[in-house]
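Record features, source TrEMBL:
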- 57-75: transmembrane segment (TRANSMEM)
- 87-105: transmembrane segment (TRANSMEM)
- 117-135: transmembrane segment (TRANSMEM)
- 147-166: transmembrane segment (TRANSMEM)
- 178-198: transmembrane segment (TRANSMEM)
- 204-227: transmembrane segment (TRANSMEM)
- 234-251: transmembrane segment (TRANSMEM)
- 257-277: transmembrane segment (TRANSMEM)
Amino acid sequence: MDNIISESLLRRNWRKVAYGGMQPGFDDNHTDESFLEDMVMNANVVKRDILKVMQDSVSISQYLCIVTLVSLVWAHTLQSTLDENSLLLLDASLFGSGFLVLLLTKEMRSLNLLFHYILNISFFTTGLYMLAPIYHPLTRSISSDSIWAVTVTLVILHLFLHDYSGSTIKAPVVLKNPSLTSCVSLNASVVASVFIASRLPSRLHVFAIMLFSLQVFLFAPFVTYCIKKFSFRLHLVFSFGLMAVTLALVYTLHHLLFMLLLGFLVFISVVCPYWLIRIQEYKFEINGPWDEAKLCFNVTD
């Protein structure tokens, strides 16, 4: 009887402490009836709407179409359908349209910021023109099959690692730096552009195609990000228009490639959002007092 009383007294004296060692009469992993009272299930699970997920997936389909258009320009240039004068005219039109978009979206109100962009682009274009004689004979000793295989691999790597949520480059007024994966993606696209440019017949061809490729891979994500930030409806209209133009151009080139691209766009914009919504039903998250403490503020030091 005395043992039962002493055991009950010990059990009444049990306390939940983080540090303090074992308590007499209890195991080290002992828990009482109140252990599961603070358990919360699916506290951080975000309920997603399929329409919102489909709208967010438009950015991926949009950039896939941009890379497809770059590949079409590469193919026509290698087939001598586009000469260097046409490429230079295309480069100038892309520069002009890009600056116009930045002006209309109020990203370049300041004259100092506008001068900053113009100065950087001038240095960028001059350096690229000086490097064109080096890029021209760069892969002369490598077979064409190897060049095509490596280029396709680099483009696929670029698409997989690209940051579809924001801009590839850092704007002067933005504090957040690009992620490591987006930098690797950008480098892959630059190397692929160099490989394509090295198979062209003249140095002016090399300069024109490199300028075009770097304009798209460097500045197109920033321009599309500005459009999306300015108006989401305009972003949707621009994206669907770009998809229609890309599908039309691919259809004129090859019907099988058209079906493949159309299947990718439907898969990205319709099937993947549907799968994401369906698998949310099986998400099960448990939180409680046993979880590690999380900071409620950002550590800046």
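Even glycines carry a Cβ here, placed using N, Cα and C.
As the structure is a computational prediction, the values presented were derived from the model and not from experiment.
Tallying C-beta pairs under 8 angstroms between the transmembrane segment (57-75) and each of 87-105, 117-135, 234-251, 257-277 places 234-251 first.
Below 8 angstroms of C-beta separation, residues 55, 58-59, 61-62, 65-66, 68-69, 72, 224, 227-228, 257-258, 261-262, 265 of the same chain, each at least six residues beyond the ends of the transmembrane segment (234-251), sit close to that stretch. The stretches the transmembrane segment (204-227) and the transmembrane segment (178-198) meet in space: the count of Cβ pairs below 8 angstroms, excluding pairs fewer than 6 apart in sequence, reaches at least three. Taking Cβ pairs closer than 8 Å, the transmembrane segment (87-105) reaches residues 73, 77, 117, 121, 204-205, 208-209, 211-212, 215-216, 219-220, 223, 226-227, 229-230 in its own chain, all 6 or more past its ends.
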